[in-house]
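Working notes, beginning with the structure itself.
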Amino acid sequence: MVDVRDVHRTYGSGPAAVHALSAVSLTVAPGELVALVGRSGSGKTTLLNVVGGLDRPDAGTVHVAGTEVTALDDDGLVRLRRDVVAYVFQTFGLIPVLSAAENVGVPLRLRGLPVADREHRVQLLLELVGLGAQAAQRPGEMSGGQQQRVAIARALAGSPRLLIADEPTGQLDSETGLAVMALIRAVVESEGMTAIVSTHDPVMVALADRVVHVADGRLVDA
Amino acid sequence: MRQQLVLLARRGLAQARLLAAVLAVVVAGTVVLGTCVLLLTTGADRAREAHLRQTPAGDLAAEVAIGEVPVDARGAVDAATGVLTDALGPLPATVSTWASSTVRGFGTGANGRPQLAYLAGISDLPARAELLTGRWPAASGGPGPLEGVLPARAAELLGVGPGAELTLAAGESAPGTAVTVLVVGTYAPHLADPAWQRDLLGGAGYTAALDFGVWRTSTRPAYGPLLVDSAALLAQPGGLDQVRVVAHPDLTGASAADLDAAAAGLDAARTALPEALTGQDATSRVDAPLARTLAAVRTQQGVTGSAVLVVALVGLALAGTALGLSARLLTGRRTAEAALLTARGAGRRQLAGRAAAEAGALAVLATALAVPLSALLFRGLTSLPRPAAAGVTGPLAVTWPLVAAVAGGAVALTAVLVAPALGPVAGGAAVRRSRRGVVARSGVDLLLAGVAALVLLQLRAHPGASADAVDPLLVAAPVLGLLAAAVLALRVLPLLQAGAERWARRSRGLVGSLAAWEVARRPHATGAALLLVLATAAATFATGYADTWSTSQVSQAAARVGADVTVPATVPAPLTQGDAVAAVLGGTVSPATERPVSLGSLSATGTLPPTTRLVAVDTSVADDLLVGDLPDGGRWSALTAGLGAPGRAPGVPLVVPDTGPAVTVTGTGADGVLGVRPVLVVQDAQGARSTLTGAELPLDGTTHPVVLRDAADATPGPGTRLTVVGVDLQLSLRDPSAVDPAAARGVAVSVQLQLAGGPPDGTAATWTARPPLGSSPGLLDRAGVDLTAGAQDTTFAVRGQVSPAGLLVEQAQLLLTAYPPPPAVPVLLTADLAAAIDARPGDGITLGVGARTVPGRVAGVTPWLPGAPGEPGVLADVEVLARALETTGDLDPLVDSWWATGVADPATAAGRLADAGLPGAVTRAGVAAQLRDGPLRVGLPVVLWLLTAAAVGLALTGTAVHVAAVLESRSVEVARLQGMGVPRRSVAAAVVLEHASVTSVAVLLGAVVGAVAGRVLAPLMTVSETGGVPVPAPVAQWPWPTESVLVAGLLLGCAAVVVPVAGTLVRRAATVHLRLGDAA
Ligand SMILES: Nc1ncnc2c1ncn2[C@@H]1O[C@H](COP(=O)(O)OP(=O)(O)OP(=O)(O)O)[C@@H](O)[C@H]1O
Ligand SMILES: [Mg+2]
């Protein structure tokens, strides 16, 4: 599903250059939930950005679902995000003026789903993340955990094949974080999705199929 | 402190773009203010100077007229000069004198009639007349005769030239001794110089008939003035009729204070003059056209000043709104910072101090920028074609009032920036439930609307501006009206938002829905929308008002002149004057009667206005002649239909052959004791009446040729084409002693009047003979006339019976006309007059015209009187009026002026008429230009252009600030959308759509507000030159093309601001924020 090959990413140049990723290669099988762990500044976020097409590596290739992400132009990347990859941000990434249901509906509107189908699916997704009753609430009126669950529901709405989550529980207390992690675990299984999740929290790691350790921009075998 | 400044500077740098925008708004607002101040100060000074430069010298003079000149004329003149120069105070003045002697006997003429002459002494003689032969009189003081120059006309008629000695008798009304004058030259007066109007003969040099004698009952030929040295004339003991001392002040560079002092001084001179002349036993009078001119200038400047203040206020309100919006955005971006500072222990006072310091810095910077910009803008505006033509252009002006106003304005505007810092610090930037409609919910808009409505009602109840002071009502009304309407219009926004919300819910797509949600849920749209509504309203209102005002000036000019061109008829008017006018102007020419009329109402009640004007023109061509706009597009022909215009009177053509008119009279009556004086009433091609009078001839059975003379005592020139429309035979006794006063029996009279001329015109009118209305019964009876028309001539055979005894007491008149006597003159009363005397159509009314009274009938009401709009008056048909007056036996000239419309090249009409000897023409175009583009008037269009430009500028700047700030605050959100796979183009489209819809709605609402304000307010704000209600009433204009261009320009301008900002934002958002791991 995901094939990262010999990827390099360096920020800056000269003596101040930071080698965020050095010769990283990684393969993730379909349906696999991979946890990226490592110390702060080790390069987790950089790797996720490169995999998701939000950043370009200096060298190396990335394939997602058979598409060479590193060779895509802007339009190709837009299509990739719309159809293949979904992101869950540490800061939830919801649109503040939209209600929970409307936020979840955005990817569906992007696909031009009929209104009735859209509303039905939004309701289903919200119920899936346990927020059926909060559909009309705006992000500002919800707790962090609820917001992150809405963000997951929204990420799922487009039926992506790859879910990329960067410290989805970073802003949540451990109990809520665990619940969100469990949710991701559950949807990966129920929807047959592939997921790469970065996290600091070793407790969350337990839920992953596989754990990849990152240190100083390199993958290290545990 | 240093730390504080460093922090301020750092913060300023970080928000440089927003601060620059705020600065731009403050500068724009203060530039409007500064330019208005320049218009009110420097502009007003220049306008006054330009106006005074263009004013004829006669209207800037101040003069003292001394009648019953005392023996010490020189002393009286010196005293008067002193009074005048004192009155004019700081204004340097040149003083001239015009002294004229009493009219004295001056030998007898060729026909043995005694004739008259008079002397005059004029300052700066060479400037007022041209020397034709000889030399100017020397300043004589020594022995020998007085030297003088004769008018060329008089010299020609008298057959004398330089070297001749003329002796003026010490005549009846001229005490003193005879004066002998040595003629040293001849001159022709410069008649264009209005000073000649002071002359007894108006510079004509000769008149055949000067009213003379104690009761001015007899007439004699008179010559003059014989110009002699002024000092010598004043030194003559007695014999002076009148001395005028005229001061012409030099007004170049005169300050407003100087002029006020002069006006006050001239007022005081009225009491100072008699005091200065005490003991001189003279009658004296101060006539100060200068004071009237200055008062008129002050009134007009007050009226224009009010308009400038209106614009300044609207401009400030706009700038305040724009700034309020910017301030909110600025505060919004600083809430986090403020929260941080508060958390670190900064008190509210500290925060406010920080904000104040920042505002102060902005104010200083804004002042430094706005002062030169205002000066430049003012110069640019006054250099536009219309103001430049008015002569108000000048060098760059940086004045203290400008600096003070700009600095004050900058402080006031930047204070708006401080205000939010004084409020409680809002927590967090989270967007909670929309605050939309805060203004609407609070009811502030309703309150404002209520106040505006009250002001409007007040304005309607008391239309017009007060003449002297700036009218606060007139000044406040537009600002309040526009603000109220704009705020009220915002009530539409929530409806729009609700609609957008509904639409988004039902929509399938994303782009439209995103835009709709943003429109529906972003609260700060209200501030931006208010600015746009207000700015668009101000711009469209200013444009509409400018058009309403201009149109009204043109309409007022048309009403004031009545026709395209009017020119006063000379007195007496030559027979061919109408033809001359028609030849010069072309188009439709009508004789017009314009004079006071006294109304005696037969059936109407009520109070008569003190002065009522009579205007009579040829209403058979009303639509071609009268030019003023009637309400609701009414036609003059429809209005004047009831005036009974019969067109030209029928008559007998009279073509004057080379040998002069061939008219003979043969008659019998009472064995030659009776005489007849035939008077022909003739009409020219324009329908104007005049008379040709013959000498008295005996009715002795023989045929007498008649020598006809016109009112100017001239015989009609060969080729003159006239129509005889009436004949007046004045019967008198040649030898009263042959009549027995007791004999009551009438004697038969028959008169044959033969005219060489074609047959009567095709109307084959029947001529009737009758004594004039109101003549003594029994004086003349059984009158009749038979007309025999040959191929070459027409003979009137008139018969009647006259009482010779009656003729001892009065003359008998026998009037022949080809028209029946009109029963009454139908007239239109002006509406106010009709209301004042409670007259209704059909009411009888008597019209006192001169010494005669003719019956009239109220045919209807006219909204205003052509040529004298706003005055109470009476409009009649000139032909009907002429017939009515003729019927009473009044054959005096009725033509006071000539009116013409459809003339070729109206711009040069006045000049062409003056060249043809008809000075004083008034053209509609000239009056319109003066009212619309005159120096004292052009300030209004200029300031409205300024408002339009400022409104557009502020709308665009405000929109730019708003869009930039709002979009920047949303860049994370925009990045998130892109992260979800929404194409960049769609995100940009959503952003543009959102702003475009709010912008368009706001601009359209603004246009509606502007249109409504234009319809309601503009006519009320359009006042006449003197601040009164204009006549005709102003009609609101809405110049669609200009307004459409303006609205389209605003929409395009906003689009030009939104589209690139949105594009940049979306692009930048993706590169900056579209990353996992970025805190947002
Ligand atoms: N835009 C950037 N410019 C320069 N250096 C960057 C940039 N983004 C990341 N880095 C650097 O690259 C390295 C890897 O950063 P990255 O954000 O991938 O770490 P991370 O493992 O996600 O850390 P954390 O667990 O704290 O989120 C760090 O040294 C960081 O300083
Ligand atoms: Mg990270």
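Each residue, glycine too, has its Cβ placed from N, Cα and C.
TrEMBL: automatically predicted annotations, no manual curation.
Record features (TrEMBL):
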TRANSMEM  B:20-40  transmembrane segment
TRANSMEM  B:307-330  transmembrane segment
TRANSMEM  B:351-378  transmembrane segment
TRANSMEM  B:398-422  transmembrane segment
TRANSMEM  B:443-461  transmembrane segment
TRANSMEM  B:473-496  transmembrane segment
TRANSMEM  B:528-546  transmembrane segment
TRANSMEM  B:942-967  transmembrane segment
TRANSMEM  B:987-1013  transmembrane segment
TRANSMEM  B:1045-1066  transmembrane segment
At a Cβ cut-off of 8 Å, and with pairs 6 or more apart in sequence only, do we get at least 3 pairs between the transmembrane segment (B:351-378) and the transmembrane segment (B:528-546), yes or no?
no
Hey, which of B:20-40, B:473-496, B:528-546, B:942-967 has the most Cβ-Cβ pairs under 8 Å against the transmembrane segment (B:307-330)?
B:20-40
Is it the case that the transmembrane segment (B:987-1013) and the transmembrane segment (B:473-496) have 3 or more CB pairs under 8 Å, with pairs at least 6 apart in sequence?
yes
With pairs restricted to those 6 or more apart in sequence, evaluate whether the transmembrane segment (B:1045-1066) and the transmembrane segment (B:398-422) have 3+ C-beta pairs under 8 Å.
no
How about long-range neighbours of the transmembrane segment (B:20-40): same chain, 6 or more residues beyond its ends, C-beta under 8 Å?
305, 308-309, 311-312, 315-316, 318-320, 322-323, 326-327, 330, 362-363, 365-367, 369-371, 373-375, 377-378, 381, 397, 399, 401-402, 405-406, 409-410, 413-414, 417, 939, 942-943, 946-947, 950, 953-954, 957-958, 960-961, 964
